[in-house]
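TrEMBL annotations:
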type: COMPBIAS; residues: 399-421; note: compositional bias 'Polar residues'
type: REGION; residues: 397-431; note: region 'Disordered'
type: TRANSMEM; residues: 12-32; note: transmembrane segment
type: TRANSMEM; residues: 41-58; note: transmembrane segment
type: TRANSMEM; residues: 64-86; note: transmembrane segment
type: TRANSMEM; residues: 98-119; note: transmembrane segment
type: TRANSMEM; residues: 125-150; note: transmembrane segment
type: TRANSMEM; residues: 202-220; note: transmembrane segment
type: TRANSMEM; residues: 240-260; note: transmembrane segment
type: TRANSMEM; residues: 269-288; note: transmembrane segment
type: TRANSMEM; residues: 294-312; note: transmembrane segment
type: TRANSMEM; residues: 319-339; note: transmembrane segment
type: TRANSMEM; residues: 359-381; note: transmembrane segment
Amino acid sequence: MEEFGVNRQTATWPQSLMMCLSGISGLSVGLLQKRYSIRHIAIVGSVLGWIGIMASAFAPNIIWMSITLGVVHSIGSGAIFLAVRICPVMYFDKFRSVALGVASSGITAAGFVFPKLLLYLRSAYGFPITLFLLGALSMNSTPLICLLKVPPWSKLEHKKGSTSSLRPITSDAVVKNPTRILPSLKSRLNTWAISTMIRSPVLHIVVWSTAATHTLDLMFLSTMTDFSKDKGLSLDEAVWISSCFSATNLLGGLCLPLLADRQYLRRSTLLALTQLMTGAVMVITPLAATYWSIATIVALASCFVGCSLLLHQVLLADYFGIESFGFLHGVIGIVRAPLQLFNPAIVGIFRDRMGSYDNLYRFEGGLILFSGLLWFLIVYWERRCLPLFPTIRREDTSKSGTVPDMSTHSRIQSGPDTGNPSVDLPYSRMV
């Protein structure tokens with residue numbers, strides 16, 4: 001706001017575009033995975049990421065900043081965001097939640113360190129040079145991304161599931177155009193699987209709950225500093241509150257999911273509980289008036305949100321398979337895009353016109369509470385209505401208390417007796 005002389009509503013556009021397009025880019029990454037390795041896609045994304053930041057150093061106005069930081073950088077960061085989540089999902093099964101938490105720890109750790117660092121650089125060198133230095137630091141992501149590797153067993157399964165090694169039937173007495181039999185069958189099966197998945201009520205709950213939680217995370221992160229200053233805190237204290245958000249977010253992503261990975265709770269049950277607690281904390285946020293009360297509220301909210309966001313991703317892979325992980329991330333990004341694009345207008349209405357964020361936090365808390373109630377429906381379906389999940393054996397859920405990974409059922413396999421392709425797709429368990 002100070003650099004370009006704009007109001008709060010306009011100043012939130014670059015960050016809203018970053019969150020919006022980084023999610024939608026998952027859709028393109030999911031489609032590009034059919035032809036390119038996730039590592040190659042992430043390398044290109046890392047280059048776009050630091051180019052966008054460095055170009056923002058020369059931004060003459062907020063529109064330029066929205067294009068370079070909100071569009072170019074967000075597309076690149078979205079590819080990296082998805083790559084560092086797909087790889088742990090491929091490598092881990094039982095402790096998948098903790099693995100994703102460790103993979104996400106770099107983002108939250110950066111949120112703990114960089115607010116104070118950027119504040120120091122801005123006071124020492126100014127806003128444009130700070131962005132340029134941040135872009136230079138981001139260049140280190142490219143060689144690190146080059147270290148990512150797809151698991152060898154994933155490559156083997158992909159090779160076994162493909163039809164490229166099958167010889168076509170060449171007898172004219174049998175068929176005139178043999179090479180199109182299996183591709184045509186595969187196309188029909190893919191269409192059927194997608195239509196079945198779309199009709200699943202579980203998919204809609206997962207998508208909308210994830211979109212609502214991401215929107216809450218963006219809104220709370222972008223307003224907590226201003227909210228703290230409205231309560232009488234200094235700028236330095238408000239920045240420390242932001243660092244507290246990142247630190248407890250990391251704690252929630254690493255420690256709370258252990259309750260599910262150690263099989264004390266189902267992952268869906270833990271997610272439902274964290275959603276309810278997040279909503280309750282958001283509703284009482286306007287009551288905080290001192291430094292320690294605000295810090296406590298922020299710590300609790302970020303801890304629960306960190307766990308919720310992580311469990312959403314794990315359950316996305318558990319319910320629909322690893323091969324659909326990237327594509328469904330893009331679908332969630334499309335759903336949450338309007339919510340995040342309207343976030344600046346919503347923030348402006350509550351803060352600039354109504355004078356405070358109190359009702360905004362109550363509204364967001366109500367949405368998350370409703371999301372938690374929807375997740376208890378999934379918990380009930382898992383326990384009582386297993387036809388929604390027919391690939392889960394009743395003894396599996398009774399012993400482990402969690403939904404096992406069904407990604408191994410998501411490819412076209414050969415029948416054990418006939419050698420012909422048989423269908424075993426994860427989406428069939430949703431109807």
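The first residue you see is number 1, and the count goes up from there.
Cβ coordinates come from backbone N, Cα and C, glycine included.
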For the transmembrane segment (12-32), distant same-chain residues with Cβ under 8 A (at least six beyond the ends): 38, 41, 45, 62, 65-66, 69-71, 73-75, 77-79, 81-83, 214, 218, 222, 324-334, 336-337, 340-341, 343-344, 347
Outside the transmembrane segment (64-86), six or more residues from its ends: residues with CB under 8 Å to it: 4, 13-26, 29-30, 38-39, 41-42, 44-53, 55-56, 58, 100, 103-104, 106, 141, 145, 148, 313, 322, 325-326, 329, 333
Recorded stretch, among 98-119, 125-150, 319-339, 359-381, maximising Cβ pairs under 8 Å relative to the transmembrane segment (294-312): 98-119
Remote residues contacting the transmembrane segment (269-288) - C-beta distance under 8 A, at least 6 residues beyond either end: 209, 213, 216, 220, 231, 256-257, 259-260, 294, 296-297, 300-301, 304-305, 307-308, 311-312, 315, 356-358, 361-362, 364-373, 375-376, 378-379
The transmembrane segment (98-119) in contact with the transmembrane segment (202-220), cutoff 8 A, at least 3 CB pairs, sep 6+: no
Long-range environment of the transmembrane segment (202-220) - Cβ separation under 8 angstroms, sequence gap at least 6: 15-16, 19, 23, 245, 275, 278, 282, 301-302, 305, 308-309, 312, 315-316, 319-320, 328, 331-332, 335-336, 339-340, 343, 346-347, 360-361, 364, 367-368, 371, 374-375, 377-378, 381, 388, 430
